[in-house]
Amino acid sequence: MERWYPGFRLSPCTAVRLAGFLPVLLVLGLIALAYITCVLATLAPLRTLHPSVVYPLLIFFHFIYLNVLANYLLLVFADPGSPPPDWKAAPPPSPFSPHLPTHRFLSTPALSAHPTQALRVSTPPMTSDSDDGYQDAGMLLPPQSHSAHPPKPLTSSFRYAHLMRERSYDGTLRYCRVCAAYKPDRSHHCSVCRRCILRMDHHCVFVNNCVSFYNHKFFISFILYAFFGCLFVAIVSFPTFAAVLSTSPSHMKPHSSGGWLIAKARMLWGHTPIRVVQRMDLIQFANLQGMSSTLKTLAMVGYITSIAFAFALAIFVILHLYLVAKGRTTIEMYELTDQMRVARVLEYDLGFAKNLRKVFGSVPFWWFFPTRVYVEGDGLDYERRTLPDLRPVTV
């Protein structure tokens, strides 16, 4: 398990998670509906008529389908990752603490008397013999002083501070007072999961879990395979859809669900799908002989939902592939509107190829399977690029 899913553990079962499983059941129902539409209503009845066409399509569809199902279940049940227990510590000293001299604060009279002076963020180099752990990160400093004893940076000594480059707006280490723990770079507190999440992308109600460092690959793979699966169903099941649509409701039981649905569908589409099938000679790829009205109804619903979700998933695929290519999360996409955060977000963009490897792993062959093998990192420390135009930030 550790080889194929490094760092894998089950997401904790809480009352909040149990209450949020209804959307998960809905998604699983839609996945099952796509299978019924494509396999049971379309390809299975054609096995004896067109075996040379049907069996390759069945193999290809099941490859997509199993990837959709496996990635989705991993998304739902895999722990997205949280800071280790040893990241719990006392909070850093507040810059507004009464025990610190007032000349350190932007709101104090000492600085108000000199409005042209501002606090600056300094990024001194990290020294190998340092034990303080904060020499490598941007720290909030007061204006230059001629005193022989310069004030200490507004941060606290923390054993993992050398891994933390990001800071709060007051210059201190990022700290979650709900979890009583320091927050690694790119991590955020999720109000639904009620804990901090490593490299949090977003919380998704349809997986009842957070998308983050340990399941980001599963999320991207899921929406990709789900999109191609919906597209596959929409193309392959089109003759069956048109054939069912051409069935006269008068030949069915008066109060059957299939008769009502087909009548409404014919009012919406008219005879357009039927004409397309006839003109392209696709009617041979539809076999309704012996098909029950229930299966016809499920095929209709499955086909319509597959088309709808293909369009919706296309937007998600484009957006999230763009973010992966740029080395960003959804949260960081919104943080780009904050001038104080732009430089830090851009540091994570290592280039298209390297950004892909950071999410999918270093061996492209395994990108197409539901595994995290060869995905590097621990969710606590991230490689950054050096931006030549970065300057000390004045706030």
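Each residue, glycine too, has its Cβ placed from N, Cα and C.
Per TrEMBL, the feature domain 'Palmitoyltransferase DHHC' maps to 173-335. Averaged across the domain 'Palmitoyltransferase DHHC' (173-335), pLDDT for the predicted model comes to 84.
Among the features that TrEMBL reports, transmembrane segment is placed at 21-43 (among others).
Residues 5, 8-11, 24, 27-28, 31, 34-35, 38-39, 43, 47, 204, 207-209, 211, 214-215, 218-219, 221-222, 225-226, 228-229, 232, 236, 368-370 of the same chain lie 6 or more positions beyond the ends of the transmembrane segment (55-78) yet place their CB under 8 Å from a CB of it. Annotation source TrEMBL lists transmembrane segment at 55-78 (among others).
The transmembrane segment annotation in TrEMBL covers 222-245 (among others).
Per TrEMBL, transmembrane segment is recorded for 300-324 (among others).
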